[in-house]
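Novice: What TrEMBL shows for this protein is this:
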DOMAIN    32-321  domain 'Deacetylase sirtuin-type'
ACT_SITE  H155  active site, proton acceptor
BINDING   C163, C168, C217, C220  Zn(2+) binding site
Amino acid sequence: MLRGCLQHATSFPSASSSIRSNITMADRQPSVFEPQTDLESFHTHLKKSKRVLALLGAGLSASSGLPTFRGAGGLWRSVKSTDLATPQAFARNPGLSWQFYNYRRHMSLSVEPNPAHYALAKLARKMPGFVTLSQNVDGLSQRADHPSDRLHLLHGTLFDLKCSDERCDYREENYTDPVVPALAIPADQAQPAGSVVDISDSMVALPSLTTYDLPHCPECKRNLLRPGVVWFGEALPEVVLNKAKDYLAAPENIDLIMVIGTSAQVWPAAGYIGQARARGARVCVVNMDSDAPPGGWKQGDWMFAGDAAVLVPELLKPVIG
Ligand code: OAD
């Protein structure tokens, strides 16, 4: 059952496999075209755009002080953070998994949304046809008051908890830090808010935990609670997939997709770029790196290399002021 799940892809899925929604990793193809880099042509296009998509990734929150997954800082205590994002990692060692996710909750609560989060939230209030698909689970867009009906969380959020047994439908919104007292972060591992975090220090021993110490489901009272994020191999929230599908299937064309702070290596999120293109969208990439999006550059695309927190407000200025 691939539909609706998150996976790493070994190759970029073809258009014919676009019904797949497992998270996968995507390959890159060589580009024939060079992207434009001038603000003026982007502003001209944005001003006449009515339907705009944004696809967000961890780079959006980098300058708030949160590490990305695949760059420097993509390690947590010498474990690749992507290796911990699986149901198998949770089943094998729920204590380690909870320590990782409790740490990420703590870090997300210790930092603030940056000007790019606020600019996107403002665009959502100004432009009725603007919709955001976010892979971020850090809650920063929500804290920047991004209208919730226009913000679709492809990978869930760190601040939802749910029962780890699929047969129990218990869910709760939870901002308690630490999530249970046994997960309190030792003072020597806490990071000052806004700093680029070093989460690779494996020299400091983790407190040893028993299953008893971890959060339990108050409904079925038998199983552990787990973070309400989507893990590799798991289904994306159906309601979110349907929102994206409806937007892409609407009769009106899409004018633009802004691909901000994501390596676009994870399926199905990366696939939305090609699907938006197929509905007429021009692609604008905002990233520290100048890599081409999956499928390569096409005529009329833009690439703005640098920090999203600086570039995004500048790019959206003609509409948000
Ligand atoms: P990645 O870590 O794969 O990519 C982050 C991207 O942000 C990279 O392309 C960086 O070049 C770029 N970047 C870094 N700092 C930036 C800055 N200040 N401004 C702009 N760009 C910057 O993160 P994602 O693409 O979000 O899923 O990863 C997608 C998914 O893979 C995540 O949601 C997560 C991960 O495994 C799960 O955990 C299920």
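Numbering starts at 1 and runs along the chain as it is shown here.
Cβ coordinates are placed from backbone N, Cα and C, and glycine is handled just like the others.
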Novice: Quick check for the class: what is the C-alpha distance, in angstrom and rounded, between C220 (Zn(2+) binding site) and H155 (active site, proton acceptor)?
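Specialist: Roughly 25 Å, rounded to the nearest whole number.
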Novice: Ten-angstrom check, please: count other Cβ atoms within 10 Å of the Cβ of C220 (Zn(2+) binding site), all chains counted.
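Specialist: I get 14 for this one.
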Novice: Since the record lists C163, C168, C217 as binding-site residues, which of them has the fewest other Cβ atoms within 10 Å of its Cβ?
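Specialist: So among C163, C168, C217, the binding-site residues given, the one with the fewest Cβ atoms within 10 Å is C168.
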Novice: Through the lens of DSSP with three states only, how would you label C163 (Zn(2+) binding site)?
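Specialist: For C163 (Zn(2+) binding site) - judged by DSSP and reduced to three states - the answer is strand.
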Novice: To test your reading of the Zn(2+) site: which residues beyond C163, C168, C217, C220, same chain only, put their Cβ within 8 Å of the Cβ centroid of those residues?
Specialist: S164, D165, R167, D169, Y170, E219, K221, R222, N223, L225
Novice: State the Cα to Cα distance, in Å, between the residue listed as 'active site, proton acceptor' and C163 (Zn(2+) binding site), rounded to an integer.
Specialist: 17
Novice: Quick one: of the recorded positions H155, C168, C217, C220, flag those whose CB is under 6 Å from ligand 1, and say none if nothing qualifies.
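Specialist: Checked recorded positions vs ligand 1; flagged H155.
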